[in-house]
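Student: My questions will all concern the structure given below.
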Amino acid sequence: MEGVDHLADERNKAEFDVEEMKIVWAGSRHAFEVSDRISRLVASDPVFEKSNRALLTRKELFKSTLRKCAHAWKRIIELRLTEEEAGRMRFFVDQPAFVDLHWGMFVPAIKGQGTEEQQQKWLSLANKMQIIGCYAQTELGHGSNVQGLETTATFDPETDEFVIHSPTQTSSKWWPGGLGKVSTHAIVYARLITGGKDYGVHGFIVQLRSLEDHSPLPNITVGDIGTKFGNGAYNSMDNGFLMFDHVRIPRDQMLMRLSKVTREGKYVPSDVPKQLVYGTMVYVRQTIVADASNALSRAVCIATRYSAVRRQFGAHNGGIETQVIDYKTQQNRLFPLLASAYAFRFVGEWLKWLYTDVTGRLQASDFTTLPEAHACTAGLKSLTTTATADGIEECRKLCGGHGYLWCSGLPELFAVYVPACTYEGDNVVLQLQVARFLMKTVAQLGSGKAPVGTTAYMARAEHLLQCRSGVQKAEDWLNPGAVLEAFEARALRMAVACAKNLSKFENQEQGFSELLADLVESAIAHCQLIVVSKFIAKLEQDIGGKGVKEQLKNLCYIYALHLLHKHLGDFLSTNSITPKQASLANDQLRALYTQVRPNAVALVDAFNYTDHYLSSVLGRYDGNVYPKLFEEAWKDPLNDSVVPDGYQEYIRPLLKQQLRNARL
């Protein structure tokens, strides 16, 4: 029935102030108000309609993306939106597009690596979208191994130009979003060669297409790499390939903030420290962690609402069946994902602070915390994107068979999200970077050099290597000190065990290679500790609103204790806890599920997602699922006719056994 809230009973059970929780989720009252206003603006605009995406051909989908981007830019100009508001608009339009790379990679790279003169020249054009840029780093043959890139930029002192060239097929740029059909310019990463010497990979601004008719410039081969996973999904993005055949660019189009080549061809590193590049990296990875909380919360919102609507089994004497959300098996799968969405939100907030801190330190030439910040952001990008991709798929399964329908919103969300596990660093490779840093930190423990930031707990190695958990009853697991100590002991003991095993090898690199799997597990333990500790730190803040902090506490301990259960082998094998304490943790976890149950729907309402943004029949705010599933089914082109096209040629002869006459 239209206009009826089928989830009203669930909302009435809530034991906390949902409006206040919305502000906690958004980060501030201001952020909430901006998001709320812009999401409704997008939802009410027919140009941003997206319910038919699965039925469009690739060309139709791409053209609709261009239309949406142009319309969004028009609205941004007309309404004089701030940079923050424009960013929220792109977020709620919810269609991967070339603008994501223009604003998310091209512009920040020029800001981070361009000189002041270069910024004035190029950003004045880019900020008005008079040029559209992409970030051309990844090649057909190399992704994670940036130092292995093959594209060359050779300086020609006679003409004062760089010659950009793709010497092999594997040196083709491959994957950059926006490159395939739209970008007029790219930041191209290539090996800088001058005076016969290779100075490694540097960035260059290269024009790719004419600003008059959009045709590729001479000696440039560019196109789209083809259809990707899923219906709709990331196929709205023109991921591209690019090859250069001795393309010449002026010398001043090398990004020269960190190093430059003089008119005579001399390579000169600048006074600006190279570490500044890390600032951009911390920024990009912080946005990826924030995106993880957005995507996971969206999936959890759909699965939670549908779990409350769906009833199955449990009817007695013709009574009503049991809501699926009331089964402990459903709670045990769903509530840790709900907790994870909140956990990733808060660690993302903390990463914003870290970015500000790192930027401030870099400007003051203080590089002491950089290696730790770099390792920490690499690990958190890996941890949150892996958990989110797995979590979206789990939410699809939590919705039973209907979750497999495109209109559930979950298949497309999964297809759009999963590339996050490989872009901006393959998730396993990133954890190995964390592991290298942890091994260095462990090696320095006795040297008097104190571990910093998220590794500060390692300074208490002596205590953590021999402490025993004091948990004696289930409620003791609600003590933040007990939880933190168990996670710290596990992380430190795993890191120390890896370091001991490494020391048995004469050749450290060979040892590292042999122990890769153990090192990844050690890195994951460290990263999980970071997320748990930042959730606990969030609870120490002043959080207002009736019952809000209590709900966050429940979610925090669900997140921590579910991880403890999932990785029980680690905790037991390192003697961080005993089997009896593990059993008590499980008892407490079950009790926490019971406490969250009446608040579950309200906790996902706090994400404040419009039905337009969720784009899910199963996750509708009003819970009116079944009639809407039928509505969606009737929209399918197969239902345009009662008798299918092909009946006369194929089905009728089959049924009448007249196959010899059939047109097969």
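Including glycine, each Cβ sits where the backbone N, Cα and C put it.
Per TrEMBL, the feature active site, proton acceptor maps to Glu424. What TrEMBL lists as FAD binding site is Thr138, Gly177. Feature annotation from TrEMBL assigns domain 'Acyl-coenzyme A oxidase N-terminal' to 17-132. Positions annotated as domain 'Acyl-CoA oxidase/dehydrogenase middle' by TrEMBL: 134-235. Taken from TrEMBL, the feature domain 'Acyl-CoA oxidase C-alpha1' applies to 278-439. For 480-656, the entry in TrEMBL reads domain 'Acyl-CoA oxidase C-terminal'.
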Student: At least three Cβ pairs under 8 Å linking the domain 'Acyl-CoA oxidase C-terminal' (480-656) and the domain 'Acyl-CoA oxidase/dehydrogenase middle' (134-235), pairs spaced 6 or more in sequence?
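Tutor: Result for the domain 'Acyl-CoA oxidase C-terminal' (480-656) with the domain 'Acyl-CoA oxidase/dehydrogenase middle' (134-235) is no.
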Student: Given Gly177 (FAD binding site) and Glu424 (active site, proton acceptor), what distance in Å do their CA atoms have, once rounded to a whole number?
Tutor: 12
Student: With every protein chain in view, what's the tally of Cβ atoms within 10 Å of the Cβ of Thr138 (FAD binding site), excluding that atom itself?
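Tutor: Other Cβ atoms found within 10 Å: 19.
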Student: Roughly how many Å separate the Cα of Glu424 (active site, proton acceptor) from that of Thr138 (FAD binding site), to the nearest whole number?
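Tutor: Cα of Glu424 (active site, proton acceptor) to Cα of Thr138 (FAD binding site) measures 10 Å after rounding.
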Student: For the domain 'Acyl-coenzyme A oxidase N-terminal' (17-132), provide the mean pLDDT of the predicted model.
Tutor: 96
Student: Would you mind ranking the recorded positions Gly177, Glu424 by how many other Cβ atoms sit within 10 Å of each Cβ and giving me the lowest?
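Tutor: Selected from the recorded positions Gly177, Glu424 on minimum Cβ neighbours within 10 Å: Glu424.
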Student: Using DSSP, tally how many residues of the domain 'Acyl-CoA oxidase/dehydrogenase middle' (134-235) sit in helix, strand and coil.
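Tutor: Output for the domain 'Acyl-CoA oxidase/dehydrogenase middle' (134-235) reads 9 helix, 44 strand, 49 coil.
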